[in-house]
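**Student:** Encoded as structure tokens, here's the structure I'll be asking about.
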Amino acid sequence: MMRYTLTRIGSVIPTVLGAATVAFLLLRLIPGDPARISAGPTATPEQVEHLRVQLGLDRPWWEQYLDFMKNLFTGSLGTSTRSGNSVAAEIGTRLPFTIQLAFWAMLIAIVVGCALGIVGALYRGRAIDFIFSAVSVIGVSAPVFWIGLMMIVLFSVKLGWFPASGAATPASVVLPAVALSLFAIGFISRQTRSAMIDALSMDAVRTARAKGMSGVNVIGKQALRNALVPVITVVGLQFGQMLGGSILTESVFGWPGIGQLLVNSINNRDYPVVQGVVFVVAVLLILVNLATDLLYSAIDPRVRHGN
Amino acid sequence: MTSLLSVRDLRTAFNGQTVLDGVDFDLHPGKTLGLVGESGSGKSVTALSVMGLLDRNGKVLPGSSIKLEGQELAGLSERGLREVRGKRMAMIFQEPMSSLNPVYTVGDQVAETVRKHLGLSRRASRERAVELLRMVGISAPERRVTEYPHQLSGGMRQRVMIAIAISADPALLIADEPTTALDVTIQGQILALLKELQERLNMAILMITHDLGVVSQIADDVAVMYAGQIIERTEAQRLVGNPAHPYSRGLLASVPRLGMDRNVPLPSIPGSVPSPADWPAGCRFADRCEFATPQCREKPPLLIERWPGHEVACDHPLVDGVPTPEPAREVVS
Amino acid sequence: MAIEVPVARRTSLLRALWRHRSSKVGLILVGFTLFVALIGPFLVLGNASSDPNYQNLGQSLLGSSGSHWLGTDDLGRDELVRMVNGARYTLIMAVAAVTIAAVSGLIVGAVSGYAGGWVDLVIQRLVDIILSFPGFLLALALVAILGTGMTNLIIAVAVSAFPRFVRVTRSGVLTVMQLPYVEAARSQGLPPLRILRKHVVPNALGALIVQTPLEIGSAVLTGAGLGFLGLGVAEPTPEWGAMLGDGRDLLFTNPTLVTYPGIAIFIAILGFNLLGDGIRDVLDPRHSTSR
């Protein structure tokens, strides 16, 4: 177990370095002169040169790269060309909001998605299974930015139940979290359903029934635990989807997370911030994938015994 | 002698298609009945019908009777069956590999049954699990309880399954091809273990198998199934010596025996068991039978006691391997 | 997962899909979207407002009527005309991006799976790195760097879909390579390219065919999302996501300007998703979702 954990943790390092390299390359991929574009159309040649030095674009590329990586190790992601603040600080103030939003959305998605999937599997082929399957495919097909706006019209404007925008009150998180959860609900519920159907047909489930175990035991303990492994995989995958979707959700609901920071920075051509957000999100996702794999091995003993 | 398990006119259907067509048999306390047949003959469905473990498409039809110690199980609710299963009747399966839950330790899975049926505390049931594992011949059971099924060999897993099955001291153990997936040497050990436990616990065994060799080793009586019906029933030794149904003889001939000429290929019965949708009107074995006459294909033979303690459903039962002449039915009855 | 698609079955695939409950709905929805994209712009011809960019500020924000079935937007442009013309942009973008991703993913995945060794290792590491970014974030970052416009949009969406095609192809190839006849072909010393082309790729295609409609649906979503953020195709192109993004300023007064493009995006994605589910069920019944 210990060895598996350590090897798995070790395997994260090259991926993080790769993600950092991609973030570094972003600025260098800009067609034309990045400093010129970043400074905006009204900038004077002096301002452009100043920015070029600030971004380090006046030096050879390998020196820029080494600097970039060295700064990462000290926790520095550079300086915003717009506000002059450190990128790390800007992200630091925004990140908790995004994590809060993703947490609630994921919680809703796991609870609702698993419930729909389990019920669908238990009542396979019946009307309720058909309805839940329809809900799930609608969930993965409806764009979050459209559903989000429709929810604002209904729940904020017409009914006045929740705030339409911002993060001022605790209730503010409800609409964005629900909107963001829909896609994951669809995905998790269909995965849960098929994993549960597989698990319910296991010989071990028949053994449990032959032992005289109760229905709750058979479904909850024997089948569900086995169904959890594929479900956890999909939850881990959904987290990446959710971080992507939160960019749009934050934009719809004016939620002050890193998604909004990213979109604003793109509009302001504030490239260091764009780089920083891209890198931080990638690291977040890599860590979630790591956690998923480790959880996996805790649930399925066959994984940790290398079988 | 009163029977422990008494099955009468058992009919089971899957999706409306009858697959068991009136099965009758009795099993006496402490005895072993071998239920024999090829795959598709209905022997496993019989076992699952008794246990009430048919999947959602399967149904025991009304009019069937399954009595365990006098209690009617056919038509009993799932809740009612749960009180019987694991406690008074238990079952082990063909695939010890997949029959145990991969995500729980062996000890958990044994202790769970003990707790459920004997109402012991968590700790006491744990100790009892160790004891049970020792009873089924698992060495160092204190250590094994913390291991997971994938860490055990196939034979060990089947022993664990047996430990689970005997944990509540059931009166009936149904064993569905318990040795088929195992190596030959392990097969013998498992059969010996079952026999030993049977004597110790005075437990009746319903042994489902396609292998008459297994039957001759362990069974007192034997019932041969074909196409959803019992076609021959007698003492195990008598059947092995004097099979009366051509099908039983065919099954016997396909079992390899010591001292056989290895250069002569084992005879096998041509064709396969007809599926329930294709059951013929007359004798269901007629299409594969070398002795079939036109009359055989017209009316189905009845299961009749032709010799004391020996019933057979064939109009030309074999005597010393030779079919009795036409019209056998009228002669006897 | 390697799914074999014998030639004889390809012709009956459409029929099987039509018999399948959910993919039938998918076929209808995708067919409808295709029909609108191909024929639609000609059907709405006839007057000045049938140019999607014809502005008439005197007729802005009208409700639905006989002359403007879905009303007009804030610049007096006919909403139905813009919706119908938008279908082309959405479909061209999604299909082009997924085609590029599928073809390049097929090649890279096949090489990776067939070559093995360090080639495989390097390719898989690179794929891991691309996959460590959420797909939408990657597309967004690329558009931010490359600039807006149809070509850049296609590149961005293609890059974010590419690694999944590599993965699918590679695992398909690895499975096929273990088949006896492929091993036999290799042991006879046939040239690798020939084995790849004749034996491996055709058999690994099944998984790719399952993946493709789902990826098109996902590409529509990504493209529309970028358009919504104002980073897709340039104004005044009537792209659905961009129309939806423009309409949100008028959400409280004219919610239909958000509703209609949203429904269009939803129908297109739903169609491709149902079609993808159906193809998977038909080709690989083990993973059936409906039975």
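Glycine is no exception: its Cβ is also placed from the backbone N, Cα and C atoms.
Remember, TrEMBL labels are computer predictions, not curated facts.
According to TrEMBL:
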type	residues	note
DOMAIN	A:95-296	domain 'ABC transmembrane type-1'
TRANSMEM	A:12-30	transmembrane segment
TRANSMEM	A:101-123	transmembrane segment
TRANSMEM	A:130-155	transmembrane segment
TRANSMEM	A:167-188	transmembrane segment
TRANSMEM	A:227-253	transmembrane segment
TRANSMEM	A:273-296	transmembrane segment
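Buried or exposed, and what's around them? Tell me for each listed feature.
**Tutor:** For the transmembrane segment (A:12-30), same-chain residues at least 6 beyond its ends with a Cβ under 8 Å from one of its own Cβ atoms are 37, 55, 61, 64-65, 68-69, 72, 271-272, 274-276, 278-279, 282-283, 286-287, 290.
Within the chain carrying the transmembrane segment (A:101-123), a Cβ under 8 angstroms from the stretch's Cβ atoms is held by residues 129, 132-133, 135-136, 173, 176-178, 180-181, 184-197, 200, 219, 224, 231, 235, 238-239, 242-243, 246, 249-250, 255, 257, all 6 or more beyond its ends.
Packing against the transmembrane segment (A:167-188) from elsewhere in the chain are residues 97, 100-102, 104-106, 108-110, 112-114, 116-117, 135-142, 144, 147-148, 151-152, 155-156, 231, 234-235, 237-238, 241-242, 245-246, 249-250, 252-253, 255-256: each is 6 or more residues past its ends and has a CB under 8 Å from a CB in it.
Sequence-distant contacts of the transmembrane segment (A:273-296) (same chain, six or more residues past either end, CB-CB distance under 8 Å): 5, 8-9, 12, 15-16, 19-20, 22-24, 26-27, 72, 77-78, 80, 82, 87-88, 90-91, 95, 229, 232-233, 235-236, 239-240, 243, 258, 261-262, 265-266, 303.
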**Student:** By Cβ distance under 8 Å, which residues at least 6 away from the ends of the transmembrane segment (A:130-155) in the same chain are close to it?
**Tutor:** 116-117, 119-120, 161-162, 164-165, 175-176, 178-180, 182-183, 185-187, 189-190, 193, 245, 248-249, 251-253
